[in-house]
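Since the structure comes first, as structure tokens, the remarks are kept for the end.
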Amino acid sequence: MGPERGGDSTHPPPVRPRTPDVTGERATGPLRWVTAALCGLLAAAAAMGIAELAAGVLGRTSSSPLPAVGAGFIDLTPVWLRDFAIRHFGGNDKAVLLIGLGAGITIAALVIGLVSRIRLAWGLAGLAAFGAIGVIAALTRPVAEPVDAVPSGVGALAGMAALTLLARSARPFLIAPPAMGEAAQSTATPGDGGAIEVSDAKGGPQRRPKDTEPGSCIDRRRALLTGAGVVGVAAASGAAGRVLLHRGDVSSARADVRLPRPASPARPVPAGAQVRAPGMTPFRTSDRDFYRVDTALTLPQVDPRDWTLRIHGMVARPVELSFEDLLRQALIERDITLSCVSNQVGGDLAGNARWLGAPLAPLLRRAGVRGGADQILSRSSDGMTLSTPIETILDGRDAMVAVGMDGEPLPIVHGFPARLVVPGLYGYVSATKWVVDLKVTRFATDRAYWTRRGYAERAPVKTFSRIDVPKPLATVRVGRVAVAGTAWAQHRGIDAVEWQVDNGPWRQALLAPVPGLDTWRQWVAEWDAAPGSHTLRCRATDGTGHTQPEHRTPPFPDGATGWHSVVVTVT
Ligand SMILES: Nc1nc2c(c(=O)[nH]1)N[C@H]1C(S)=C(S)[C@@H](COP(=O)(O)O)O[C@H]1N2
Ligand SMILES: [Mo]
């Protein structure tokens, strides 16, 4: 950005005692700061662009600074903040994080620009510090390789070069005339309040050639060209990096997958499984509405042609399967409801789908689980680890390595090409997406990502019921109102749902039929609604006779409990 208009005929430039030959315009205080801040922004843009290009050339998304730092941030996120983020942002938690990081980087870049106006070295140090954060973040990813240091490293160097160039070319506009050389610049101090003046003692003779007199047209053009050049480099390298990283996209590989028919098809869903009430939750969750919870800031792109699943650890014969091998197993197809431990009372972090996959128990038996093993530590392609109690996989339930969801290959966000599904357990101890490795081990030996953070090792889904209609704070008409909802206690089944109005007697709701114990179950009741404000409540009883407790507990460490209630107005 050039200086403000000031030297036109109606406002002659002020008299400058030391350099009366200067023909340029006087940059006013605030404008000089704006220009400086802008230099910081452009330098940061160049750094990010070049880093993206480097990540693209390397083909390693997770080494690009934003995903790397974001992922590090996710790892350092305390449990309460994770619950807060999931509660308030749900599936948008990652977008919120990236926007927050972007805002943070922008502010830092502006500050770097401002301090570099006082002393260039400070700005350079700031960029170097940011590069170091990026390098550390990239190298501490679970799947890091030494080359992952490169993008943030070269990005920081590029940013420093850009800042130096920008500061040099913008100097005439950054410093109040009469302009000065290096020495004067370095004597400026942060306390000078934006009015850097020439130090006569150190200013010395001008080393500048005549045609680059400070503030001259040539100077201004040079500054603008430098700025434009940096913008161009940043944009071009960033775009090229994106394109290169896109090489890894496996959407087309996914489109090529042909899933075999199941050897054991799913039982048909009974006709009445879906309660017919306006606004009621669908029994089968659509792909679009299926919740997403994971730590993957950039979606793992796993090509099924390169995919293998290794089963090793405390086994007699380690097994390694290709995707083709997996598809050759006798596949099962089952309706299973998946739910998240972070789901709050009344929450919607649960979804029901028809999964197709290879049963996991026979694969473990083929490997030969040795005595004493009590845990499967599963690992995803991006290094995420989840632990699952072995007994829940071997007790006859339909634990599987899933490849299909609702008749399609798994969507990439839901774990393409393969994930674990174990009915009855919260997702964090069972549902490993992008799974590539199963280690048979002991809880005493190995801990997984969430269990290391204090979540329970054994986490069967808690008995849960929810009122879906009427919606909270809805207004309904006096008379017959359908009260309906969803209840789940996967692998134990739902035996009863009771509902209540304003602390009145508990009444049995009508239970919809289900295809098995592993899905949620819908319920409905008819309410003769009287005018006024009313509280509706529900509670479920599972197949073991356990009734959902009234007391509310938070999701940490093994799932929320408590009765759900909604307040509605009847008119
Ligand atoms: N690789 C990987 N798998 C994962 C997770 C993860 O962070 N990474 N999160 C788990 C959690 S906490 C849940 S609740 C389920 C959610 O699966 P979905 O996103 O397909 O609904 O995935 C599980 N599998
Ligand atoms: Mo979860």
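Quick reminder: no glycine exception, Cβ is built from N, Cα and C everywhere.
Keep in mind that this is a model prediction, so the values were computed, not measured.
Residues or ranges marked as domain 'Oxidoreductase molybdopterin-binding' in TrEMBL: 298-446. In the predicted model, the domain 'Oxidoreductase molybdopterin-binding' (298-446) shows an average pLDDT of 97.
Look at TrEMBL and you will find 1-26 (among others) tagged as region 'Disordered'.
Marked as region 'Disordered' by TrEMBL: 184-216 (among others).
Positions annotated as region 'Disordered' by TrEMBL: 258-281 (among others).
Per TrEMBL, region 'Disordered' is recorded for 541-562 (among others).
Summarising the annotation, TrEMBL assigns transmembrane segment to 33-58 (among others).
Taken from TrEMBL, the feature transmembrane segment covers 95-115 (among others). Distant neighbours of the transmembrane segment (95-115): 33, 36-41, 43-45, 48, 66, 69-70, 73-74, 85, 89, 122-123, 126-127, 130, 163, 190, 297; these residues of the same chain sit at least 6 beyond its ends, with a Cβ under 8 Å from one of its Cβ atoms.
Residues or ranges marked as transmembrane segment in TrEMBL: 122-143 (among others).
Sequence-distant contacts of the transmembrane segment (149-167) (same chain, six or more residues past either end, CB-CB distance under 8 Å): 39-40, 42-44, 46-52, 54-55, 58, 60, 63-65, 68, 112-113, 116-117, 120, 123-124, 127-128, 130-135, 137-139, 174, 226-227, 230, 233-234. What TrEMBL lists as transmembrane segment is 149-167 (among others).
TrEMBL lists 223-245 (among others) with the feature transmembrane segment.
When Cβ-Cβ distances below 8 Å are used as the criterion, the region 'Disordered' (258-281) is approached by residues 327, 330-335, 354, 356, 403-404, 407-409, 468-471, 482, 484-486, 512-516, 522-524 of the same chain, each at least six residues removed from its ends. Applying DSSP to the region 'Disordered' (258-281) sorts its residues as follows: 3 helix, 1 strand, 20 coil.
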